[in-house]
Each structure stands twice: as structure tokens, then as C-alpha cells.
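> The following feature annotations were taken from Swiss-Prot:
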BINDING   49-51, 84-87, 115-117, Asp120, 140-141, Lys162, 180-183, Asn191  NAD(+) binding site
BINDING   Arg131, Asp147, Lys153, Asn163, 195-198, Lys248, 262-266, His269, His285, Lys354  7-phospho-2-dehydro-3-deoxy-D-arabino-heptonate binding site
BINDING   Glu195, His269, His285  Zn(2+) binding site
REGION    1-382  region '3-dehydroquinate synthase'
REGION    395-837  region 'EPSP synthase'
REGION    859-1053  region 'Shikimate kinase'
REGION    1054-1267  region '3-dehydroquinase'
REGION    1280-1569  region 'Shikimate dehydrogenase'
Amino acid sequence: MAEAKKPGPERISILGEANIIVDHGLWLNFVVDDLLQNTPTSTYVLITDTNLFDTYVPAFQAQFEAAAEGKATRLLTYTIPPGEASKSRETKAEIEDWMLSQQCTRDTVIIALGGGVMGDMIGYVAATFMRGVRFVQVPTTLLAMVDSSIGGKTAIDTPMGKNLVGAFWQPKRIYIDLAFLETLPVREFINGMAEVVKTAAIWNETEFTVLEESAAHILECVRSKGEGRLTPIKDVLKRIVIGSAGVKAEVVSSDEREGGLRNLLNFGHSIGHAIEAILTPQLLHGEAVAIGMVKEAELARYLGVLRPGAVARLVKCIASYDLPTSIHDKRVVKLTAGKKCPVDVLLQKMGVDKKNDGQKKKIVLLSAIGKCHEPRASVVDDKTIRTILSPSIQVTPGVPSNLDVTVTPPGSKSISNRALVLAALGLGSCRIKNLLHSDDTEYMLSAIHQLGGASYSWQDAGEVLVVDGKGGNLQASKEALYLGNAGTASRFLTTVVALCSPSESASSTILTGNARMKVRPIGPLVDALRSNGVEIEYQGKENSLPLRVDAAGGLKGGVIELAATVSSQYVSSILMAAPYAKNPVTLRLVGGKPISQPYIDMTISMMASFGVHVTASSDEPNTYHIPQGQYQNPSEYIIESDASSATYPLAIAAITGTTCTIPNIGSKSLQGDARFAVDVLQPMGCTVNQSDYSTTVTGPAPGELKGLPHVDMEPMTDAFLTASVLAAVASGKTQITGIANQRVKECNRIAAMKDQLAKFGVQCNELDDGIEVLGKGQDGGISAPTVGIHCYDDHRVAMSFSVLAVASPSPVIVTERECVGKTWPGWWDILSQAFKVDMIGHEPDANADEEDSKSSVMERSVFIIGMRGAGKTTAGNWMAKMLGWKFIDLDQELERRAGCTIPEMIRGSRGWEGFRADELSLLKDVMAKNSHGHIFSCGGGLVETPEARQLLKDYGRNGGNVLLIHRDTEQVVEYLMRDKTRPAYTSEIREVYLRRKDFYQECSNLLYYSPHSESSGSKSEIPCDFQQFVSSISGRSTHLKDVMEKDHSFFVSLTVPDVSEAASLIPEVVVGSDAVELRVDLLQDRSVDSVTRQVSILRALAKKPIVFTLRTVSQGGKFPDEAYEEGLELYRLALRMGMEYVDVEMTLPENIIQTVTESRGHSRIIASHHDPQGTMSWKNASWIPFYNRALQFGDIIKLVGVARSSEDNFDLAKFKSRMQEAQKTPMIAMNMGKAGKLSRVLNKFLTPVSHPALPFKAAPGQMSAAEIRRGLALLGDLDPCNFYLFGKPISASRSPALHNTLFGQTGLPHQYHRLETDNIQDVREVLQAPDFGGASVTIPLKLDVMGQVDELSEAARTIGAVNTVVPIGKADASDRRRLLGDNTDWRGMVHALRDEGVEEQADSETKGAAMVVGSGGTTRAAIFALHSLGFGPIYIAARNQAKVDALAADFPAEYQLQGLSQPSDADKVSSNLNVVISTIPADRPIDPSLQELVGALLSRPAVGTERRVLLEMAYKPSHTPIMQLADEAGNWTTVPGLEVLASQGWYQFELWTGITPLYRDARSAVLGL
């Protein structure tokens, strides 16, 4: 018997030739022979990308060489980097130059192996090389197979947009080998499905239906692992590809050069390409087209040429392939780092579309699934496009007079959701008509499908949904059911998933939603189900989603008690699932009168339609008996229109005096809201005609609506928003009650109406269960809002205010336009088409958007835990002081409430157990009542109580902050041994700590490890490291913003094995840097405890933000590449300790990157990639994948390559420039190696630097910050500035020595000069010079110069003198910068005093007193300095009492100034005088009476242990008479004036340059050391 011949490949004809060949296995089994036979040449050039070469080219080469043996032909190969970035003029030129170097001629055949990028660009090379050579397409992606490889369009991208330079150049062959799809990444496969969906949507509804039905199976196979993953869908894929390719071939054959018909293939592309042009390369072509299809379908619906059901069907199909349907899709936002697509830019991009007719934009409009409105793209005006693209809409008031319209609202949301649940639980097929096509029902439909509860298909152009129910046979889902903000779906499905049986992959199902859903209540339903044996676990906030529901296989049944006063949906949820319980159910509603009884009645009525009859108890109120059974699906179920939605068109009629008819809602409706016309509109003055099945309303003349003294809207609570906007324009007061449940809907709707109506000048009062609206009908009417109406992402708020906008005096902006999609996606279309309302899209100000998107600062209260003696109370007080919050020590609060001490409580009858119970009760109380704006210090043993631990863990998980305070255990032990104020430990202290250590860890999400001992420092003075920590964790740090605004910024990379051993180096090496990098991978000990200590020490020493880096071996570091668990533990530590920056390598596993980025709090992620081997080039697209990945996860992107030559640095600069033009995310990009030094000089933003004092450099070619500044100066990138000292006499001043020394040390090219003058006119020209960098000012110009500056600091204003001039901000058009006058004398004094141990005084009765000697200009600075340290009173000792009194009068009373002029005044001085500052000249004798007064005060015996310090402001002679008096008195430390000169100049340098040098260097320069 003859062997059956295997069928050959499928051939598709295009332009009269069968040149498209489709099959599995073509590449190695067919292509070589076919090429040699049908496309012979002397030279084949195979061009592919670096990703594909190794997999597909070597085997092909071997086959080719074997087949071509003896023939005069050769095969050349060339690779380019993958990705859209390669589709450029530069890459095209690179290929052409290479081909010329290979002596390719006119007979060359080019083979493009790859995706759309490869085919587009290589086709263009073929079209222009030697004026056109033959080429062959071998598409390897689904998108290329069905779209870009067919039709001869070739092009490259330009900065203006995609594919704008190219040619029509038909390939000689297109080999579509479906085997390539086996290795195609999941995202690329899904990307291609967009073009498949597009082709079916414009051409063939039958194929579209196949796509709908195949989506789940296709995705399951595509996402599976292993060889042969696509085998189960082999035939489906072949059908899809042949179908799509065939359509395109047919269209191209009819219209090769895109004269009209071929336009249709661009459905979704007009808007999609514009989106792609902005979001490329992070967003793929198919993803952009998917979004474009949705928008263009919405456009067709808005224009009235496409029915809403078709739009919903298209959106559902696109989403079913996991493609995005909106630019706000979470994945799109993440991939593109939230990059905006401004409407004006989108329209500009659309303006260069090749389909356009001059200025007229042409867009493909669908008229149905599988059919287009015209056989070409249609002209659409910009105003309409803008409306569809904009996030907000501007509604112009007014409708035509005598309007009489009929409006059919979408299907009822309430009935639609119930029908879907009942049909899915029922057995058999059910045709559901008039189903609401909305976000809510889409979530419900997707969830039921995910649970395997039913299959479904669309009929009658998407107007009928056919549900095939499986009789309640549901399976638990491994993937969470995401329900957005669909409250109805969440409540119904909570009970439905309890009916699930365990599946192979899951024994429970998680229900989750968006942020609002996670605060909406569901507690009563969960309580009822738990009481009936269903295991449900809250995954986040108690009483809200997300929930984990056990696959219980049904309820136990019997009696179920349910609180139904919040939502009737809880009742309906249990009612609908009850027939599948293991026993008959009696549902008893408790807690008071059930809310929204009509909706409960609706559910019972619908259950009867599906074959299950519920009976109300005859002897118990609010009790129902539900039998066991199985729903039997009716063959057809028609959903009546949504009565809540119907209130909006009826209200427009009411408010405008026109007529509107709703043809399918009348008095026999199942819905309570159907009564709105009769119960609300009629009493307000409307004419209402309601039959059994229709409602017609005619409004009174505009302005004649009457308010309702009282209306109970409990039967129709959702309609209260519509009533409220009508009440706003009515005369008199309207009181609406019975709507308490509206506070827990999509938003607090009562508060929302009150706040938004206020924008129209309407006053409202909130009631316990309602709202009171004071109508403006008799007061001249409502006023027009000056700002947009905020809709809270709530469909009913948006639609209600669109009604009011029609009656506004001027246009009204309604924000969040798309939120109406929840129940009436086509609402704006109805306003435009039926009511003829004029509207246009509106885009909020971009800056306002940016403000909204900023991460919020910490608002939730902080609970501090840790061992007694760790410093919780001290840290709590510090934190409260910094944040302006209230501090409460819970131990003290417990004692206050109990009226006895803790030791007394423990010794009492209830003992430790009673104490712990009261402690727990207090914790619960403050968590509930004081969840914001408080700092609580908890008792050390609180964590011993399991329930307390759970409370703390839950609090931390739900956005709260639990801070663990710890310090060296030995210090804690030593302190506790001395503390007698608390109960003694019954077990050894260390054992207690070790027992609690893990508890502290698990309960806290923040950690502060104090490097300060209990005895060190002032408890009133907040240490710098703690300030830095709180600033970071609270979101108040502006460091990133500050360094982004600087021209040049740096972080120094520490390369020390132990920070504590290098403690003396740290202050020196951080000079000139903006942050310090802790290379954790270089530490000797990387244990969590050790790293905790190292971070703590570094923060205290460096006083700079920390970059926490764990560099792996493969990225040039020392951390093991695959030590993932150890690495994750260290990353978690970094986040707990509030590291300002955490470096995360983009080569780490996805789960680690996700974990770190999602729990980062306010830490900034530096998403990094290093190429220490130098395998990648900045010239091509090889860095793009790493850039894109870093963009997804990073606040900062860091890319580091290797330079082989200087050219590599220029290539890098071009790459960086292109990326920064496209994205705002800041970027560090450099090359390693000697040749890469230039890139470090040019980087500018947070450049990693070394320091000569460090043991070695962190990377090859690393430079110091000073070296880079010198390099910048040589390149002309850092302009030299001139700084001056103004005054007279100044020839002996040490200021030039100070500043020029510091300029030299920090690498700055500036010079500091003396300008000796006593005339202010001499300095004016200098102050205006473009190269003026700053000035020091001394006598006699400190007052005169105040008139020459633009603004004064608070210190300069208070002191009344300027000693420092600082240019601020950017130069204006005349190259002049604004000048700030400041005074650093006081800061110099404070520094000198602090250096001698003077601490900030606690704000208490015990704070120290201080004295200033003298009454001149310097005295004022001394007073300011002492006040800043908290001293009070401050005495002024001077010989002239009148001058003293005048001086004191210039300062606020809070300074507590008191004058002393006679020796007898010494008796007025308090005994705790600890600080004296002398401001009198030292080169002349002291006034005798003043000397006697000062001598008497200095000679007093010391009180307490505080240090006594005398600061002498004069520095000639070196030992002054006042200093001599102090020496003679004894017990005084004297500080000479040169110390102040050094420190005030040190502060000046910091103000001018932003660099804080070492004080010892400034001091040495002044003292000439």
C-alpha cells in the first residue's frame, strides 16, 4: 500500500502570487531548498538579532552549506541588538556600510529573520540598497506573522514618530514557520494577539467569536512551561495565523499602496501609534494598538455608529488575552514608570499619521464586530477625539428647547449581576438580553469564568450573552479574583466561592480589589459565613477585602443569622448560594430593619425565575426559608434597564423643562429606584406619566422646581444623588433621609455631595442618615464652579453632576470621565446624541497631576516597641517634636487611667495577668481612637501577649508604622540594673531579651538602632542620625529633589570592611558628597545584627543619606550571585532602617525585585545594571532591555558599562540624552575603566566617587569628587566664580586663607579676594557681576549691604546685620541671580559653644541662663545665638542702660532679655548662669563698673554639673581682659574669638557651595596650622 503523502505547507496568495507560505517546521525543512530553487542569487544576507542568532542561525547555516555545495552562492550573516531602538537611521546605515564592505551587489537577497522591527527595517534596507534588492521575510513573532511581514510596508522610526521614513517594498517570499512561536516569550505572544483581534474585529465576526472562545485555552498553553507547550493549540494557532494573514493579503492585493481599503488594517493604530510614540520602547506595539482599539471603538460609539454592546465585547476580548485596555492599566503604568500621555501630544502625534488628509485626521470606525463603518478610514474632528482621549470633560450648559427624547438606559447593574450568578449556578443554557456592559459585570463575568462555573458566548452582534451553567460545579482558583471597585460582585462572590470544590492547584480563593475596595465593609457577611462553617481569612484590613475563602463545597446550612442594616447585598449573596448548602437554610436578618428591602425582594423574585422558590417565615419577621435545589436556567432572561441610571436622563428633563421617556421601566419594575419619578420628581413639580412598563417626565420651566421638605429615599438610596442635584436648583430646603448606607459605597457619597455642591454655592447639612440641601432656586440660582468637580471614581457622582452642569451658568468640568463605565459606559454619548449637550475633553494641569502623584508623607500613628531602657520614651519625644505630633507613653497612660503605678497593679489581686490584660485593652483603644498624628511608646513586655503581637502586625501590614527601638544589649542591661522605677525582672535580663527578640522583629516594620548610650548626649537635643531616620521613614526627606536640582551631585563609595574601625575616616571621606554608599558586599561580617550596627554607626558619623548596596560578583562586587535569601534579608533590613536609597540589581529574580520595591516605603530604589565585562555597547539597543526593566522598578536608574576608548563615552552621552528626553526618571550612566573617566565627569547626577583616604576604589576608573570638579572646570562645565570680603580694615583678615584653602581641597575653581572699602558704592558693581559667587561682609558695611540684596534670612532680619551675601536660584535673562543676605556670626558662636559641650536647653523651668557683655552690633548676633540654644533669661551687661533698654526692645518678649549696668545688678541674675559671650572691644580697658559686675558674676560658685563657658568674640589680643577675669574666677572654660571666625566662615562656605568641609580644615586655615 502506498504511503500517504504528507500535505504540503499552506500557501496564501498576495498580489497574484502565492508567496506567503505557512506551516510548522519550515525554517529547517523547507526554506533552504525553496530559496535556492525559487530565489537564486550569488549572495544571501541573513540578518537577525542577537537573541535569535544562536538558536536559529547555526543549524540553518549548516543546512545551507550542505545544500549549496558546488553552487556559486554564499550566505553572509549579521546581527543587531533586539528591540524598537534598533529601528533607526543609525542601524540602517551600519548594515548598509557592512554590506558594501562585503561587496554585496544588485543580485543580493536579504533575509530578515525576526519580529516586526527586523522586517520593517531590513525591508527598508532592501528597498534602498543598490536602489532595491530582493528580500525575504521570516517572521518569528506572532505579530510579524499576521501583520508586519505582509504587505510590503518597510520603515524606520524617527524622533517625530514611528515608521515615518520608509518605502513600499514587497518581499519575494514570506515564510511563516509556526514552530518559532514555541520559543516566543509570553508577553511577545500576547503582543501579537492584538493584531489578530484587530483583523477579526474589522473583517470577520465568526473568527472573532473563535478568538473569544479560545482565549482561556490559548493563554493557558502560552503560559505553561516546557517543550511542546503550544502542541494542544497547534490547529487553533494555524487557523488564527492563516485567517489573519489571509485577510491582510486580500486587503493588500486590493489596495497595495493604501489608497483606502488598506486603511482598515490600521484600526486601533491611529490612536495606538500616538500612544506608542510616547511610551515606546517600554510599551510594545500590540499593547499600544490594544489600547488604541478600545479608544477608537469608544469614538465610534460616541459618534453613534457602534452599539455599546459591541464596544464591551471588543474590550472583553482584548482583556481576555491579557492585553491592556487603558493607558491607566496597572501594568502599563508600571512598565512606563507612570509616564503621562498628554492629549495635546497625542493629537500632535496623530497629526503626522500617513492616513490623514492634510489637517483632517482619519480613523477607522467600526459599525459592528467584523464590520467597518466605511470601506476606508473616516474623517473625525479634533474636538471629538479630544473628548474620548481626555480624563475629564467640560460640559456646556443648555439643551435645545422643546426637546422630547426617548432614552433606553443599559441593563440594571443589580439585575445583571444577579442574573450572571444565577445562570452560572444554574444548569443549562440561558440567553441573557440587555445585560449591562460595564466594569462591574465584566469583573463578575471574568470571576465566574475563572472559577469554571460557566462558559459563555455572544450572539446577535454582542447584544445577547449565552451562558452555559454547570449547575454549581465550581473550582477554587489559584489566581486571585480581582474585582476593582465592584462592590456588588465582591459581596455576591464571597458566598459563591464558598461553594467551590478544591482544585488541583488551589484549596481556597482570594478575592481582592482596588484601594477603595479594601476599605469597603464586608464584615457582617463574613461573620455570617464563618458561623456557618466557612473558613474565611482577612488578608489585610479587618472587615474588608482582600479575603481568602476556603473551598468549602457549600455552606453547612441550617439557621444563618445576618446583620442586614448596612447592605442588602449581604442578604442577596447568601440567598442566591443557599440552595447549594448541605442542608436547607433558614436566613434570619438581625440587628434592626433591613436596608433596601426592595433589593431583597428582587433577588427572591429572580430566584423564582430560575426555579428556586424562597418563602418568608409566617411567624418570624425578616426570616426566609430557602430549600435545597439546583437552579434550572430559563431559555431566555431579559434584564430590564437600570432604574438608578434612568434617574439621570429623567433629571435632565426635570432640570431643563424638557421631556424624556424611559420605554422599559414602569410601575411593575423589580427595582426600587423605579419609584423615583413618582415619589421625587412629581412632588418637585414635574409632570410624570408612568405605566406598567414605561415612564415619561416633563420638567417645569427652568428655575421652577420645588424643594421637598422631607423625602425618605430608603427604598431607592442610590438615587439620592440625583435628587440632591435637583434640590440644589429647587426653591426651598430639601431633606433626604434613609440613606445612611451611602456613606460606605464607592465613596462617602453624602460627604461627596455636600463638598461638591458647595462648589456651586449650595449649602448642605449632613444628617445622621441623610442630607439637607438648601436650594438656590429663589436666590438667583447656583453659581458656576471655579474648579473641576471631583468624582471620587464614583459613577453616580459623575453622572449626577453632569445633570447639574446642564443647568450651570457656565461650563463645568467633571473629572474622572471614565468612571461612568461602571454602570453606563455610553452616558456621555447619550448626553451628546440624545440631549444635544455640547461637550469637549479637558485635561487637568500637568503640574496638578504631579502634585497629586507625590507619595504621601506619614500620617498614621507610630507605635514604638523595644526593651525597657532602649530609649523608647526619649526617641518618642524626639519624633513627636519633629513631626509636630502628640507623644503618649502607654505605661504612663495606663497608670493615669488606673490611678496607681504599674508595680502597684502587679502587686494587686489581678497580678501580672491583669496588668497584661489592661495593657492590651489600652493598645486596642488607642489604635481605634488615635490612629493618626500620635507617637505611642509601648511597654517592653507588650509583645509577650499573643493578641497584642497580632494587633501590631496587622497595624503594620495595613499601612501603620511599628518602630522597634534598640541599642547595644550590654548598655540596656547596665541601665536596667540601675532602674528602680519599674518591676524587677524575674529572670535574667539577657534571657528576657532573647525571648522577645523575634517577637520585636515580627511585630515591627521599622527599626532604629541607636548608636548613642543612655548617658550620652542631651535628651532634649535630637541627634542628627535620628533626624535623618525620621525624615526618611516619614516621607519628609527632600534629598532626591534637592540633588536633582543641583548641577552636580555625588555619593562616595565606602570600601571599608568595618565601618566602626574606619570611624575616624568617615567624616573626611564624605566631604563634598551628597550621600554615602555602604557597600554591604565588602563588609567582613554581613550578618543582620552586624550590618544593623554598621548602618547605625555610619549614619551617626557621616550625617548623610545612605545608599545601601549589595553588589553581586557578576556585577563587579563580592556578594555571591545566588545567595538570594541572604540578600533579601539584608534588603528587608535596609528598608526597615529607612535607608534613603537602596540599590537593587535588575538581574535579580523577579520575586526579590518585586518584594523589595513593593515594601520600600519611602526609600528610593536605584535600579542598577553593571556590565563589568564590557559585552554591551551604548551605540546600539543592547542596553534598552535593562533600561526598560530599571524604569519599571526604579526611582533612579543606574547603568554602568566599560569604555574601551573615548568614543564609548560619547555614545553613552547620546544614549543618556535620548532616554532623558523620553523619561523623567533620573539616571546615573557611566563607563568603568581609565577610558571611562570622562563619563564620570559628564554624569553630573549622583556620580559614585572615591576618596584618597579610602583603602581602594569601588570600581575601575573611579575618581574623587574633587578630581571630577577639576575636570568639569577644565571642560568649561563648572564656571570659576569670584568671592569677596567687603569692609575696612581687612588686610589682616584670615578669611581669604580659609576660603581659598577650602576651594582648593574640594576641587572648585573659585577665588576669594579682599575688597577693602568703607563705601557701599564700591561693591555694587561686584554684586551684579555674572561671575559673583558670594561675599563676606564686615564692618562698617554690615548694615549698608542690607539695601543691596533681594531678600534677607530670618537671622539677618532679627540681628539687623548681614555678614554673608549668597546668590540664589538660576540666573535671569540678564545673567543676574537673586541675592540673599544672611548672618552666620550667630552660627559660628553656636558651633564654638557646642564644641565646648554646651547643649541645647530643654524647654523647662530648669533651663540655663546666659549673658552677653556689650551692646553693639555683635551683641545682637550673640543674643540670637543664645536664644537658638534655648537659654533664658538672657542678660545684657553694658555700661549704658539706655542702649541696653533700646536693644532689648528690638527683640520679642520670648527672648527674656534683662539689662545689667551696675555692680549691684548682679543680685538680679539667676544662679544657673552657665554661658557668657563677650562682644566688647579687647584693645581698650573695660569700664570699671562693668568689669566689677562681670567679675562678680564670673566668680560665683558653679551650680550643678553643667559646664560654664565664656566665649570671647575679640581675637586680638589672643588673651583678653574678660578671658583673664574668667581664668581668675576659675571653673570657666574660655573660647577665643578665632574659633568663631573659623566656624562662621565654615558656614559661609557651605551656603555658597553646598559642600560641608571638615571643620578642622577650616580651623587650621584660620589659625595657620
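Even glycines carry a Cβ here, placed using N, Cα and C.
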> Taking 1-382, 859-1053, 1054-1267, 1280-1569 as candidates, which has the most Cβ pairs under 8 Å with the region 'EPSP synthase' (395-837)?
1-382
> Taking only the Cα atoms, work out how far Leu265 (7-phospho-2-dehydro-3-deoxy-D-arabino-heptonate binding site) lies from Thr141 (NAD(+) binding site), in Å, as a whole number.
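About 18 Å separate the Cα atoms of these two residues.
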> Looking only at Asp49, Glu84, Glu195, which of these binding-site residues has the biggest number of Cβ atoms within 10 Å around its Cβ?
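The residue with the most neighbouring Cβ atoms within 10 Å is Glu195.
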> For the Zn(2+) site given as Glu195, His269, His285, which other residues of the same chain have their Cβ within 8 Å of the site's Cβ centre?
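So the extra residues in range turn out to be Leu143, Asp147, Ser148, Ala194, Lys198, Gly268, Gly272, His273, Gly286, Ala288, Val289, Gly292.
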> State the Cα to Cα distance, in Å, between Asn163 (7-phospho-2-dehydro-3-deoxy-D-arabino-heptonate binding site) and Lys87 (NAD(+) binding site), rounded to an integer.
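Cα of Asn163 (7-phospho-2-dehydro-3-deoxy-D-arabino-heptonate binding site) to Cα of Lys87 (NAD(+) binding site) measures 9 Å after rounding.
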> Have the region 'Shikimate dehydrogenase' (1280-1569) and the region 'Shikimate kinase' (859-1053) got at least three CB pairs under 8 Å, pairs 6 or more apart in sequence?
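Counting Cβ pairs under 8 Å (6 or more apart in sequence), the region 'Shikimate dehydrogenase' (1280-1569) reaches the region 'Shikimate kinase' (859-1053), since there are 3 or more.
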> In sequence order, which same-chain residues at least six apart have a C-beta under 8 angstroms from His285 (7-phospho-2-dehydro-3-deoxy-D-arabino-heptonate binding site)?
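Same-chain residues close to His285 (7-phospho-2-dehydro-3-deoxy-D-arabino-heptonate binding site) (Cβ under 8 Å, separated by 6 or more) are Glu84, Gly116, Leu143, Asn191, Ala194, Gly272, Glu276.
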> Cα distance, Lys87 (NAD(+) binding site) to Val197 (7-phospho-2-dehydro-3-deoxy-D-arabino-heptonate binding site), nearest Å?
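About 25 Å separate the Cα atoms of these two residues.
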> Give me the CA-CA distance between Leu181 (NAD(+) binding site) and Arg131 (7-phospho-2-dehydro-3-deoxy-D-arabino-heptonate binding site), in Å, as a whole number.
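If we compare the Cα positions of Leu181 (NAD(+) binding site) and Arg131 (7-phospho-2-dehydro-3-deoxy-D-arabino-heptonate binding site), the gap is 34 Å.
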> Return the average pLDDT for the region 'Shikimate dehydrogenase' (1280-1569) as a whole number.
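Mean pLDDT, the region 'Shikimate dehydrogenase' (1280-1569): 91.
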> Whole-number answer please: how many Å between the C-alpha atoms of Arg262 (7-phospho-2-dehydro-3-deoxy-D-arabino-heptonate binding site) and Lys87 (NAD(+) binding site)?
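Roughly 23 Å, rounded to the nearest whole number.
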> Just name the most isolated of the binding-site residues Thr141, Asn163, Asn191, going by other Cβ atoms within 10 Å of its Cβ.
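Counting other Cβ atoms within 10 Å of each of the binding-site residues Thr141, Asn163, Asn191, the minimum falls on Asn163.
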> Using Cβ-Cβ distances, find the residues under 8 Å from Arg131 (7-phospho-2-dehydro-3-deoxy-D-arabino-heptonate binding site) that belong to the same chain and are at least 6 apart in sequence, listing them in sequence order.
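In sequence order, Arg106 meet the Cβ cut-off.
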> Among Val117, Leu265, all listed as binding-site residues, which has the most CB atoms within 10 Å of its CB?
Val117
> Let's check the environment of Leu181 (NAD(+) binding site): how many other CB atoms sit within 10 Å of its CB?
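Taking every protein chain into account, the count is 23.
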